[in-house]
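Asker: The transmembrane segment annotation in TrEMBL covers 6-22, 34-56, 62-82, 103-131, 143-166, 178-196, 216-234, 255-275, 336-356, 362-378, 385-405.
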Amino acid sequence: MVVITLLVVGTLLGLSIVLYSARVQRSEQYQALVVPLANIMDIGFVAMTPIIVLITGLDSPLTMLGLSAVGFAMGGVMRYNIRMFEPVADEKGVLQRVATISQASLIVASLVNVAYYLQLMAAVVVLLVVLPFGVDAIAQVNVSATVVIAVCSLVALGLIGYYFGLEKLNALGERTTAFNLAAIAAIIVGFLAYNVDVALAGNWSLPAYNPPLTSQSARQVIGFFAIVQGFEASRYLGEHYSAAVRSKTMRAAQIIAAVAFVLFPASALLLFAEVRPELEPIAVVQIAQVASPVLPWLILLLAVGSQASASVNAISSRSDVLIELTNSEIPRRFTYPMLALGAVAVVLVTDVLAAVAVASRVFAVFFALQCVIAVIVASRSKQWLHVVGIVLVGLAMVTIAIFGVSS
C-alpha cells in the first residue's frame, strides 16, 4: 500500500509540474484542448463508473468504450458544424431558427448539469466530514444535507454573479483544471497499481460478476451519456481559436478521455469485487480506501474543485447564450440569479443519479438539433454520405433522449 501511495503522489506531483509549466500553460494547443477535456473528464465519470460496473459487471470497460464511441461520433458532427455551419450561422432562415432552439435546449441541459455538479459536490463535502469516521459513517450520508449545501451554493453563485460578476471565480476555476487532470491520472494509476500488487501476490482473478443485459439496464446505461458529454465546449470557443484548432483539440480531448473511461472501470473491477459497494456515487470512495488511504482524499478534493469550477463555468458561459437568445434585453447581472434559480429547481426535484439521466436526455435533444443543422448544411452541398452518417448519429441521440433512465 505504501508503494501505491507513492505512485499516486508521484503521478499527481509530476503531472501537475508539467501541466502548470509556463511552456504548457502558454501553448495555444493546450489552452484549446483543456477546455473540452476538463468538461468531459470531471469527477462525474469517476463517481458514476462504479455504478456502471454494478450494472454491467465485466462488460463495464466495453460499456464505457461504447458510450465514448457514441460521443466521438457526435463530436464528429460538432466538428462538421464548426467547419461548415459557422461560416453561414448568421444567415436568416430555417438554419438560424433551429440554431436558436438548439441554444435554448443547451441552456436547459446546462441547468440540469449544474444541479448534478453541485449535488455531487455537496455529497462530497459531507463525505469530507464523515470520512474520518470510516466506511460505516460514509454509508449514512444524509441526503437532505447535500440538498441544502447544493441550494446554498447556487444561491451564493447567483448573488455573487449579480453583485460582482463571475469573471474572477471563472479565472480561479481555470487554474484548477491542470490539478484536476493530474488527479484523475493519479487515481487511475493507483487503481492499476493495486491490480499489479494483487497479481504479484498471486491473488489476482477476475470477479465472477456479469449480470445479464436487460432492456432496463440498457436504458440505464444510455442514461449515463452525460458522462462523455462536454466536448461541445469547443464549438463555442470561436472568439479565441480557429476552426482547425478547435476541431483538432476536440478530437484529441475525446480520445484522451476515452482511454481514461476504459481504464478506470477495468482497473476498478477487482476493487469492486472485494468491497461490493452500494449503488450510489460515493461507492468510488469506498473502493478507493482499499487501494490507498490517499485516494479517497484525492477523489474528494478533485470532486470539490472540479464540480465547483464546472458549475461556475456553466453558469457564466450560459449567461452569454441567454443574453444572445433575448437579444440583450436582459442585463447580464440578472442572468446569473435566473440561471442559478433554474438549477435550484432541478436540485429540489432530483437526486444525483436522476439528474445525470435527465442531463443525458436533454443534452441528447441539443445534440439531435445539432444533427438537424448538420443535415441541412450537408444536403445543400449534396454531401449525401455525410447526410447518412449524421442521420444515424441523430437517431442515436433521439434514442437516448427517449429511452435513457436513471439507475
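Yeah, the Cβs are placed from backbone N, Cα and C, and that goes for glycine too.
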Asker: Are the transmembrane segment (385-405) and the transmembrane segment (103-131) near each other by the rule of at least 3 C-beta pairs under 8 angstroms (pairs 6 or more apart)?
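Answerer: They are not in contact.
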Asker: Mind pulling out the one from 34-56, 62-82, 255-275, 336-356 with the most Cβ pairs under 8 angstroms to the transmembrane segment (143-166)?
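Answerer: Counting Cβ pairs under 8 Å, the winner is 336-356.
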Asker: For the transmembrane segment (6-22), what are the same-chain contacts with Cβ under 8 Å, counting residues 6+ beyond its ends?
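Answerer: Here the qualifying positions are 178-179, 181-183, 185-187, 189-190, 193, 292, 294-295, 298.
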Asker: Taking a Cβ cut-off under 8 Å, which residues six or more beyond the ends of the transmembrane segment (178-196) line up next to it in the same chain?
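Answerer: Here the qualifying positions are 3-5, 7-9, 11-12, 14-16, 19-20, 24-25, 34, 37-38, 41-42, 46, 204, 260, 263-264, 267-268, 270-271, 288, 290-292, 294-295, 298-299, 301-302, 305-306, 309.
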Asker: To the transmembrane segment (385-405), which of 34-56, 216-234, 336-356, 362-378 is linked by the most Cβ pairs under 8 Å?
Answerer: 362-378
Asker: Are there 3 or more C-beta pairs under 8 Å linking the transmembrane segment (255-275) with the transmembrane segment (362-378), counting only pairs at least 6 apart in sequence?
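Answerer: Output no: the transmembrane segment (362-378) is apart from the transmembrane segment (255-275).
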Asker: With the transmembrane segment (34-56) as the reference, find which of 62-82, 216-234, 336-356 contributes the most Cβ pairs under 8 Å.
Answerer: 216-234
